[in-house]
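Student: Below: one structure in structure tokens.
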């Protein structure tokens, strides 16, 4: 059967939910799909279907990232539900990197919690351009003044991480009440629509990097029997058309191939564009030839490197970072795009050590090459915990 074509009639944005564990991110995602489905703009996704990876079921904690599709009257959204749990920051990093804007969910009954702060910090590091806040579980708070205080605290926290805290829309509601309701005139349901109006109005349509050379970080790789190998990911920049030559760059020697098909939401596209989540069919490539951490790119547009200068911010202990300084020879993981690579840090002449909270320049040598250019951002991690953030200031070799 021929696949249904994906129609591009509305602007497309990638958004998602972030926030502390159990503050209601997944419930809100389900409520959004329920009430947009009533307008024929989405398919309702129940809480369980969004929270669906088997190992998470027992604890009710979302570990993997769920992709949900819906529309408003103005836009088409691909929504990722990001895990809120500190153990799963890895997904948060690959997930938050996937957003043109985000909905920060905060339970009014708790106020901002450690992961709220951590996620705002990460949103800043991975450059999520804008945040809209959903103040959830307001039905559990009797005192309206308390809600005002939580809102004030949130605005201060956002300002602290260089988001425009005073301007950010904060919508109050109860995701659970909205999800359980069957009445479109219910005040809780109206708040879900109010939230989507705020997302439509406040999160700007991203400037797509359509004119830049094509590049897509590899998120996943699988085989479709009889058709070949498909790599999935979000197109970083440029346009890919069926028949285009591409290179697979990073981790191992660069390979040339041809893209023989582009798909999005299981529908065939003539082309994939910057910002789209797509699957690319690659000619003559085996599943074991490609891995997460590589990029698919226009030939000659990006090259693999192992050595670079970086500007790095080292998280404080309070931000969840290291408690102790590090020295030249420090060997953490450097998280580029979708994967961790071990590297060695060399501090500048005359710098003896780096303390948590410092902002420093350092030289980094990776053990495997990564497709790299100036301004590429990365996280520094130890045992799955983010301890720093950085940007490539100069490629050396």
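Cβ coordinates come from backbone N, Cα and C, glycine included.
Feature annotation from Swiss-Prot assigns GTP binding site to 19-26, 81-85, 136-139; the stated evidence is sequence analysis. The Mg(2+) binding site annotation in Swiss-Prot covers 26 and is backed by sequence analysis. Per Swiss-Prot, domain 'tr-type G' is recorded for 10-207. Residues or ranges marked as region 'G1' by Swiss-Prot on the basis of similarity to another entry: 19-26. Taken from Swiss-Prot, the feature region 'G2' applies to 60-64. Annotated region 'G3' per Swiss-Prot: 81-84, in sequence order, evidence recorded as similarity to another entry. According to Swiss-Prot, the feature region 'G4' maps to 136-139.
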Student: Need the DSSP three-state call for residue 19 (GTP binding site) to compare against my parser.
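Tutor: Once the DSSP labels are grouped into three classes, residue 19 (GTP binding site) ends up as coil.
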Student: Tell me the Cα distance separating residue 19 (GTP binding site) from residue 26 (Mg(2+) binding site), rounded to the nearest angstrom.
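Tutor: That separation, Cα to Cα, works out to 10 Å.
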Student: Taking the Cβ of residue 19 (GTP binding site) as the centre, count every other Cβ atom within 10 Å, in any protein chain shown.
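Tutor: Within a 10 Å radius of the Cβ of residue 19 (GTP binding site) lie 26 other Cβ atoms.
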Student: Highest CB neighbour count within 10 A among the binding-site residues 26, 138?
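Tutor: Sorting the candidates by Cβ neighbours within 10 Å, the top entry is 26.
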Student: Looking only at DSSP and grouping its letters into three states, which state does residue 25 (GTP binding site) belong to?
Tutor: helix
